[in-house]
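The block underneath contains the structure these notes are about, expressed in structure tokens.
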Amino acid sequence: GALLVNERIDREELCGALSPCSLSFEIVVENPLELYSGTVEIQDINDNDPVFPSSQARLEISESVAAGARFPLESAQDPDVGINSLQTYQLSANPNFALDVQTRVDGSKYAELVLEKELDREEQRELNLVLTALDGGSPPRSAHLQIHIDVIDANDNAPVFNQSTYKASVRENTPSGTLVARISAYDLDDGPNGDIVYSFSSHTPAKVRELFALDSATGELRVKGQLDYEETKLYEIYLQAKDKGAVPGVAHCKVLVEVVDVNDNAPEVTVTSVYSPVPEDAAPGTVVALLSVTDLDSHDNGLVSDVNDNAPKASQDSYDVYIPENNMPGIPILNVSATDPDLGRNAHLSYTLLQGDTTFGHLFSINQDNGTLYLLTSLDHEDQVEFSMMVQVQDGGLPPLATNVSVSVFVTDLNDNAPTVLYPHPNTTATYTDVVAPGTPAGHMVTKVVAVDADAGYNAWISYTLLQATDPSLFSVGLHNGEIFTARQLREDDAPEHTLVILLKDHGEPVLSTSATVSISVAEMVKEVLTDLTDVAPANDPRRHVTFYLILAVILVSAAFFITMLSVGIFKCYKWRQSKELCNSSRSTTYRTPGPFQHIDAVRGGFTPPSFYHQVYLTTDSRQSDLLCKKPFTSSPLGSRQGTIRNGEPGLYHQIVGTASRLPTPAE
């Protein structure tokens, strides 16, 4: 009597949506014969997924739709029943829509989109949402629907200009068609709602429409008529941009067009007669007429032209600039200021640094337009304290006029150098030991620490302090002079060797310091100290070679000088003997016309000054010959008198010749 399932049972095929789902049957029992009625209820299991009619849904929603609007969505179907049937819907997260799930009379579920935040097509043109249908099974089964929403544009944006006011300038003689300005507006809407048309505003004067033309598509404002500065100097043009929507949006702007004057008007001279006709006895200075000159042009075009008759004038003739050393490179240190009362180009000033020293070009630079002087590198007070230069201020006239301004840059000192010890030398391998005799009384100066500081002023003041000593009670150091004294009398039990460490500090801010080590031996004689130092090898001193070469150079120069002076003396003696032999030559020879003349250099002989150069021509018997003198090559009073003698009367000439019958000896 077992009841068995003969084949797989599908509740949805047998009963569909009917619930409960049951099958009735009858059972015949024999012996005894009996008839029984039976019913089998087919229970549902969650074996079916919810299904949407399509996988995608497309909606078109205008951006002008108000919040609260509802949009029904397609429902999903689930053949299961009861708890396994479709139970709810879910919507993906988004800022604009919410989901409202409703229940029909038959218990089925459906969903609607509710607009919570108005759409803006200019912000987001489309939205993509996902609707999920869920049944009540465990685990639940689901289905998904892709919802694509197109945001339809509405003319909700008016055109906007990129600036409310445009400015332009144009010369009054500008030809027609010249571009003055280009206005630009944008509209966030699409299609006709975003197409912009440019035009003049309704209250634009007719005169402006005659002088200017506006391109409705590009927004280009161009010259249309003839402009005249003397008539109107500034035009205020109002323009508008309008879209092509059903209810068009409008934006407004204005363009300020400045007309630039050109020199298109000649000066006009008006003569007003005061006294006409003028009588012939009118006194000088009588006013005859009044003249007035006018020019309709503006500024320089309407003045009597300027002449570059004024040189630039500096606010100061000289500048003193104080710069701390170790400065930052590239900093401005001075602004040279000058003015020029001329006009236009004649008043345009340029600044130039006159570099007397070629190194200044690497240190200083000046801006040609505003006269700002820059320091290009870092300065060192210990290298150079002062820099003097000249700045030339020149105008742009023809010819240009210039003024020179003196600039002195002083480098102030900073405490950037520590004291340097000169004695005892800190960087030598040799040992310097000072000696003091036993029993030396207190106050005896043993040695002195010598130091320098490359800084200046208060930064270079050095103070000396005893930092460390073998016996601190035995020696003291002078605070300002570095002299080391015995603080007490030396005793026999004092150590034979003493090492002192002296601290040297300057007075700058911050304080810089260094130290010096001094060795002092207590001994009766210097020989004892030298005996202790015999093991110390002397350092090679490269300066001894320099000394040798210096001595050799002095010897060579002295020898060359001695040889030169000896040669000059021999030559002088030779010339003197030659002149003496010439004077002692034959005297009996009769006077004859001189043959080949012998030349005596009187200048080198010491008889006449160097500015008076002459030549003496003698015969073989010079004591009885005529003395003939040539004119000097250089003009002098004595030379002019010689010329007079030579070119004068014959009698006077012979008389002088007769008195000069003997040549003076060198001794005379």
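Placed from the backbone N, Cα and C atoms, the Cβ positions cover glycine too.
Here the domain 'Cadherin' (1-52) returns a mean pLDDT of 88 for the predicted model. Look at TrEMBL and you will find 1-52 (among others) tagged as domain 'Cadherin'.
The domain 'Cadherin' annotation in TrEMBL covers 53-161 (among others).
The feature domain 'Cadherin' is assigned by TrEMBL to 162-269 (among others).
Marked as domain 'Cadherin' by TrEMBL: 315-421 (among others).
According to TrEMBL, the feature domain 'Cadherin' maps to 428-540 (among others).
Under the heading transmembrane segment, TrEMBL lists 548-571.
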The domain 'Cadherin' (428-540), counted residue by residue under DSSP: helix, strand, coil: 11 helix, 46 strand, 56 coil
Top partner of the domain 'Cadherin' (428-540) among 53-161, 162-269, 315-421 - counted as Cβ pairs under 8 Å: 315-421
